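Comments concern the structure below.
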Amino acid sequence: MSDILAEAVKGAAAHPRPEGIQFAYGTAGFRDKSTILDPVLYRMGLLAALRSKAKKATVAVMITASHNPEPDNGVKLVDPMGEMLEESWEEHATDLANAKDEDIGSALQRIIDAVDIDISLPSDVFVARDTRPSGPPLTQALLDGLKVMGSTFTDFGILTTPQLHYLVRCHNSKGAYGEPTEEGYYKKLAQAFLKLRKDAGAKKKYEPVVIIDGANGVGALKTRKLQSHLHESLRITVCNDGSSGKLNEKCGADFVKVQQKPPAGLEIQPGQRCVSFDGDADRVVFFYVNKDGVFNLLDGDKISTLIAGYLGELVSASGLQLNIGVVQTAYANGSSTRYLEDVMKVPVSCAKTGVKHLHHKALEFDVGVYFEANGHGTVLFSDQAEQKIKAASQDDSLESSKREAATRLTLMMDLINQTVGDAISDFLVVETILSTRDWAAEDWNMQYRDLPSRLLKIKVKDRTAVQTTDAERCATAPAGLQEAINKLVAKYQQGRSFVRPSGTEDVVRVFAEADTQANADMLAHEVSVQVYQLAGGVGDQPQPPCAP
């Protein structure tokens, strides 16, 4: 065993792994109660150094549990261009996190051998965290792991998750993507935003006034820093800014999406445009209350259709031959899919649940727009698309209208954080489009009407009893389940339903939508009964929604 690996084993004594706990690295990295994560953070310091050596580039580590409650925390690795950790390394992360303290050296050696890493190469890691009280001690555990490996590192302190993704891409692209500082992030977004609004003209419906629910997290802090760069072009009131209240408690994008109501801490006038970020500011949803006091949510589906429509118009106006598409999951509202395909004539692809799957699918388009319904998403431009757009914006031989459209596309590329879903960036993109269209929130919402839906969870003995295909829209096991779902769906107008096993617990999620809320509720119930009966349900059989 090399000296470095021996030191890694020795260092584990200060970060002992608890007995009887198994950790698993998923799409969101590791997430759990913060009190048990110290050994995981130490080991991810070791792994991040190896990843940097393997990629011969700087990587990053973000300490956050996103929309989870404040007592939780988590950690995820970020690859050199701001991408999520390569999927094949998730298994390495899981193995290392679960290795006994005395076996850390051999676990590291297995990774070194499997990937053929030259351990003598240098490594460099960017580190950041959200605002959770558990962040500083967990950061120290991570840094202990990096130091043992002899890695250099930069601790940026508190950042949003998307800001860290941005910084590591800027650094590894030698500044081609932007200035690799927090201030550089604000400057890039603000400059593009202000240029896009420069000749906006007078508005009848759109008002540059917005209330932001910061989830009592890092998004509130960073929005305040951004405001000074916007020069009064947008009047922002930040609520749930962390001065009182707990992170994600009765506030934030996940609360608003799931509860279908405004967060605590906001006083809203009818028609007032409001925005909710999540705890690490990588999700965003919009909402408003109409004159009758009815809550209206503008979620990831609404955001993706708005952005795809606007970018599609710019591409068409520029005369460029670029294929634009939208990537959704099976959870996307059926009305949004039909609106994109039938009205906007934009192709839609469906990917498995999880941002990494949507991101990968979006790469198949020149301009790929992807959002989950929860508000996590962004837009990807292929290298070829970026080159064509920039060239057209500087081509004096083009008629001015085409050159202007290409110029706006160039600015949109600067405004969009292509590395990952970014609440702040996505918020500014939506505001840009609403201003250009002179739309109030209600105008945006009227583009199509969401179908009523219902999401249920059914406890089962073994979630692996349910297997799916076709981006989780069709069940292949147990036998007879999909046939039963098909028969039930056929009973309801605009009916649709699918089931998928949870990735973390023995439950099966049932999604249903139909023409009315009552029908969506009943369809979800009837499908859940089939899951209970055919897939080994535990506990009492699901009861109809009208049951007392």
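Using the three backbone atoms N, Cα and C, a Cβ is placed for every residue, glycine included.
Noted in TrEMBL for the protein shown:
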ACT_SITE  Ser66  active site, phosphoserine intermediate
BINDING   Ser66, Asp278, Asp280, Asp282  Mg(2+) binding site
BINDING   Glu372, Ala373, Asn374, Arg500, Pro501, Ser502, Gly503, Thr504, Arg509  substrate binding site
DOMAIN    53-101  domain 'Alpha-D-phosphohexomutase alpha/beta/alpha'
DOMAIN    123-175  domain 'Alpha-D-phosphohexomutase alpha/beta/alpha'
DOMAIN    181-285  domain 'Phosphoacetylglucosamine mutase AMG1'
DOMAIN    299-439  domain 'Phosphoacetylglucosamine mutase AMG1'
DOMAIN    468-527  domain 'Alpha-D-phosphohexomutase C-terminal'
In the structure shown, which of the binding-site residues Asp278, Asp280, Asp282, Glu372 has the fewest Cβ neighbours within 10 Å?
Glu372
Report the DSSP secondary-structure composition of the domain 'Alpha-D-phosphohexomutase alpha/beta/alpha' (123-175) as helix, strand and coil residue counts.
26 helix, 13 strand, 14 coil
Provide the three-state DSSP residue tally for the domain 'Alpha-D-phosphohexomutase C-terminal' (468-527): helix first, then strand, then coil.
20 helix, 19 strand, 21 coil
If you measure Gly503 (substrate binding site) to Ser66 (active site, phosphoserine intermediate) at Cα, how many Å is it?
17
Across Pro501, Gly503, listed as binding-site residues, the smallest other-CB tally within 10 A is for Gly503
Least surrounded among the recorded positions, given as Ser66, Asn374, when other CB atoms within 10 Å are counted:
Asn374
Within its own chain, what residues at least 6 apart in sequence put their Cβ under 8 Å from the Cβ of Arg509 (substrate binding site), listed in sequence order?
Leu455, Leu456, Lys457, Ile458, Val499, Arg500, Pro501, Ser502
Counting Cβ pairs closer than 8 Å to the domain 'Alpha-D-phosphohexomutase C-terminal' (468-527), the top stretch among 53-101, 123-175, 299-439 is 299-439
Around the Mg(2+) site formed by Ser66, Asp278, Asp280, Asp282, which additional residues qualify by having Cβ within 8 Å of the site's Cβ center?
Thr64, His67, Asp130, Thr160, Thr161, Gly217, Ala253, Phe277, Gly279, Ala281, Arg283, His376, Ala423
May I ask which of the recorded positions Ser66, Glu372, Asn374 is closest to Asp282 (Mg(2+) binding site) if we compare their C-alpha atoms?
Ser66
Of the binding-site residues Asp278, Glu372, Asn374, which one sits closest to the residue listed as 'active site, phosphoserine intermediate' when you measure Cα to Cα?
Asp278
When secondary structure is assigned with DSSP, how many helix, strand and coil residues does the domain 'Alpha-D-phosphohexomutase alpha/beta/alpha' (53-101) contain?
16 helix, 13 strand, 20 coil
